[in-house]
Structures are given as structure tokens and as C-alpha cells.
């Protein structure tokens with residue numbers, strides 16, 4: 001039997017890219033590839049990329065440059081670029097980087113084995129089509145899982161066309177995977193030891209199939225024996241349907257955590273962003289969600305320095321943050337993306353954006369620390385995902401998605417235990433196992 005070929009995948013960006021990387025590895029497994037964590041050992045290197053911000057795209061080119069010595073030393077090494085930079089740049093990647101053998105967009109990665117065959121004769125291949133066939137119909141059944149928590153893509157693409165965002169151009173229109181196939185994939189994950197599933201989509205709460213919305217899907221998934229926890233990300237405020245909000249109160253397996261991006265607290269900027277909602281709409285939505293699940297922890301996304309943002313607009317964003325009280329948030333300076341409507345507008349001075357980002361992050365950090373301190377003394381569920389750095393220590397995620405370190409010599413990966421939180425650190429909690 002010939003020795004297995006080795007595949008190294010570097011994943012950038014969102015959770016969906018993590019899921020996509022797993023599926024690409026499975027597709028290439030049919031060609032005899034096994035994963036390695038060392039690029040120098042690999043027969044193929046695949047960069048699964050993100051295009052949300054300019055720095056993310058440029059980092060890909062920097063990483064490709066660092067692969068030149070490896071390609072020189074191993075001329076037969078195959079190098080591929082996948083994901084949203086691949087979709088956005090296509091042939092340009094081959095022009096800028098002669099060492100790249102193939103470029104594949106996020107809707108075409110089921111074709112990777114065939115593309116790889118075409119490179120064997122020296123061809124350089126690009127596939128960034130939006131094929132009519134569903135890529136999920138052409139991928140092998142998921143066989144491997146990495147621990148007790150897994151991602152499950154239920155929806156792809158976005159029809160919202162926010163003025164700053166490339167997702168509609170790189171991922172395409174909103175597409176929902178069929179209900180029956182999702183149920184089958186979820187059951188398969190549980191059979192392989194998964195106890196927590198996070199449902200993924202660029203606009204996950206836009207999912208619909210067979211007359212069901214995301215709330216209905218969650219209710220059906222919750223009936224699977226052995227599946228203990230459910231989460232979903234990322235959502236748009238306009239698609240928080242009544243049945244989904246109700247599921248937060250009615251379904252115990254749906255964890256008390258929600259990431260709901262708002263981007264700005266200024267109605268003027270929200271309109272310029274084409275977000276199609278107001279700050280007041282968002283605040284009323286938060287009230288309804290908290291009425292359904294009072295202990296829910298909320299997180300969000302913010303962009304500072306969007307073209308035209310005034311000091312008053314920025315203060316409105318700070319006011320919204322104070323009004324909601326977030327457990328954490330991702331915040332960024334505006335980054336113009338080519339081809340988006342906002343890219344045509346004049347940008348704010350860099351020093352203004354830097355100062356605003358610092359102020360916003362200071363407020364969010366203050367709220368995050370308060371939220372974590374409020375957990376001290378409380379009992380929570382923790383799903384162990386790995387052993388800790390210290391002997392006899394386990395690390396897992398709480399119901400609210402906090403990382404929790406627990407001294408538990410008898411603990412095993414996959415255990416779902418009750419823990420009393422005893423201490424809070426900047427990015428994690430510590431606790432003691434109950435009933436051990």
C-alpha cells in the first residue's frame with residue numbers, strides 16, 4: 001500500500017471556514033490525503049481564506065510568499081487557495097503568485113479532487129463558479145469529528161447587501177440546506193460522539209425548508225437523543241422571527257447565548273450601511289429576546305469609522321452598547337472592500353478611527369469583565385473539550401460560551417458536568433465540579 005499523502009490546511013476567518021476546511025479535508029481524503037499540522041511535511045497546502053477586511057486578504061498573500069522556499073525545496077508540492085479571497089480574486093492570485101496550483105471558491109470545493117487531478121499535468125486551475133448543483137450533494141459523508149462540539153452549516157450566502165460587506169459577492173445568494181439532510185448529518189455527528197452542535201450560516205436565521213424556520217429546525221434537532229446543546233451563528237436582526245425568539249424560552253437545549261451583530265447605534269449610519277433596521281428596532285428586539293430567556297448572554301459586531309460617521313453617530317453607538325450590556329463584542333475599524341457601495345465614499349482619518357475604536361473597546365471590555373464577574377458563585381453546565389495545561393485540569397465551554405478551567409482529575413473530553421464558578425480572569429473562568 002502506498003504511503004498516504006499529507007494535507008495541511010490553514011483556516012482564516014469565520015466558523016463557516018472551519019466547517020468548510022473539515023469538508024475539504026474529507027473530500028481530499030478520497031484522494032488518499034490525511035491531515036498534518038506541519039506545513040513542511042505536506043504534499044498539499046491549502047489556505048482557506050477570509051475577505052472581510054483588507055488585512056485578512058493581504059495576509060494570505062504574505063503567507064503565500066512564505067511558502068516559496070517550501071515550494072522550491074519540494075517542486076511537487078501542490079498549493080491551493082480556497083475561500084472568499086479565492087472567490088474575489090480568482091485568476092489574479094495565479095498572476096501574483098506563480099507558486100499557486102489551484103484556486104477554488106467556497107461554492108466549488110466539492111470539485112477539489114477533480115481540480116487536483118488536472119494539476120498533475122502541470123495545469124493551473126481556477127474554479128470560482130456558482131454551480132447549479134448543491135456542493136453538499138457531492139461531498140462524502142462526514143466521518144471524523146474533532147471533539148464533542150461540532151459545526152453544521154445550514155445556510156450560506158446573504159441577500160442583505162450591507163454597503164460594507166463582500167459576502168453577497170463571495171458567497172452568493174442565500175441558500176438553505178434541506179431539512180432532511182441536516183437532520184441526517186446531525187444524527188451522524190451525534191453517533192460519532194458529538195454532544196453540542198452550532199448551526200452556521202452567513203445569515204443563519206434566514207434558514208427555511210419545508211415550511212420551517214430556524215426555530216422549527218432547532219426544535220426538531222433537540223429531539224435527537226444524545227444531542228445536549230444547540231447554538232447558532234451569525235444572525236441578522238431582521239430575521240429574528242417569533243418562533244426563533246420563542247425557542248430561546250421553550251427549548252432547554254438551546255444555550256443562553258446569542259451573537260446578534262448591530263454594527264452601529266446611529267440610525268443615520270445604519271441607513272448608510274443599508275442595514276434595513278434602526279437602533280430602536282434592535283433595542284426592542286433585545287427586550288423580546290431577554291423576556292424569553294432572561295439569562296441570555298448577548299454579543300455583537302461593531303464597525304467604527306464608517307464613511308460619514310460623526311462624533312454624534314459614534315456616541316449613539318456607545319449609548320446603544322450601554323443600553324444593551326454585551327458579554328463581549330467584535331469591533332473593527334471600517335475597511336473598504338473593492339466592489340462594495342461604501343468603497344466609493346471618502347474614508348475618515350485613520351487617527352479618528354483609531355481613537356474611536358479604542359474608546360468602544362474599552363467600554364465593551366468593561367462590560368465583558370462585569371459579565372464574567374457576575375458568573376462567580378453561579379452553577380453552570382460545562383462541556384469538556386480538552387485537557388488543561390495543568391495536571392488534572394479540564395477545559396470546556398459553559399452554557400454562555402465562556403471558557404472554563406476546572407480541576408477534575410477524573411474528567412474526560414466529552415463529559416457534560418455541573419460546575420460552580422469560583423473565579424474570573426480576563427478571558428476565562430475557573431470553577432469546581434459539583435457532585436464529583
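Counting starts with 1 at the first residue shown.
Just so you know, glycine gets a Cβ as well, placed from its N, Cα and C.
Taken from Swiss-Prot, the feature [4Fe-4S] cluster 1 binding site applies to 14, 50, 84. Proximity of residue 14 ([4Fe-4S] cluster 1 binding site) to non-local residues of its own chain (separation of 6 or more, Cβ distance below 8 Å) is seen for 50, 52, 234, given in sequence order.
For residue 162 ([4Fe-4S] cluster 2 binding site), the count of additional Cβ atoms within 10 Å of its Cβ stands at 21 [all protein chains shown]. When secondary structure is read from DSSP and collapsed to three states, residue 162 ([4Fe-4S] cluster 2 binding site) falls in the coil class. Summarising the annotation, Swiss-Prot assigns [4Fe-4S] cluster 2 binding site to 158, 162, 165.
For 5-121, the entry in Swiss-Prot reads domain 'MTTase N-terminal', with the evidence type sequence analysis.
The annotation domain 'Radical SAM core' is assigned in Swiss-Prot to 144-374.
The domain 'TRAM' feature in Swiss-Prot is assigned to 373-435; the stated evidence is sequence analysis.
Counted with DSSP, the domain 'TRAM' (373-435) comes out as 1 helix, 36 strand, 26 coil.
Per DSSP, the domain 'MTTase N-terminal' (5-121) is made up of 61 helix, 24 strand, 32 coil.
A simple way to gauge crowding: the CB of residue 50 ([4Fe-4S] cluster 1 binding site) has 21 other CB atoms within 10 angstroms, across all the protein chains here. In this view, the densest Cβ surroundings among the binding-site residues 84, 158, 165 belong to 84, judged by other Cβ atoms lying within 10 Å.
Within 8 Å of the centroid of the Cβ atoms of 14, 50, 84, where the record puts [4Fe-4S] cluster 1, the same chain has further Cβ atoms from 12, 13, 16, 17, 49, 51, 52, 56, 83, 170. Those same-chain residues not listed among 158, 162, 165 yet with C-beta within 8 angstroms of the centroid of the [4Fe-4S] cluster 2 site C-beta atoms are 160, 161, 164, 166, 167, 168, 202.
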